[in-house]
């Protein structure tokens, strides 16, 4: 039996770690230099909960220069991984201000996995000494944002340590294979019509 193809597209501000997350997941390595979106589309068979799927990963550039091109990669997406950096308040705020309106416009109804990246830096005291303007985003703030945008799942990860990186992509696959049940509207059985 052929495995199901799932198109997974990563979206979010530039420099939040989307490409690093993809490289960490697919090659178990962490690029030490900032490389703006050089991840080629990637496809591999992945087994999650006994189901084999062909996972297609698409990277996008978050920079404004790509605002007109980026939506072309949304076509046919089964799930979005919407990323912000846990050490960048601006990237967190842009989830609701920029990315959700864009995704809802170009790909309404496609499930979203909300991901907080750079988890290793959130508790790194030296990072905040070196970057006094940086404001960490808490897990509670991430959970609140998940509810606000209607995301299926919220996960925090570190591509550098690989903490929860596999969990991000497993969640993306699961939300496609087992979509959350929609709340059914109660039907009024005691209806009558006057003619």
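Even glycines carry a Cβ here, placed using N, Cα and C.
Matching 25-33, 34-42, 43-51 against Swiss-Prot, the residues noted as motif 'Effector region' span 34-42. For residue 120 (GTP binding site), the same-chain residues that are 6 or more apart in sequence and have a Cβ closer than 8 Å to its Cβ are 158, 160, 161, 163.
The number of other CB atoms found within 10 A of the CB of residue 16 (GTP binding site), across every protein chain shown, is 27.
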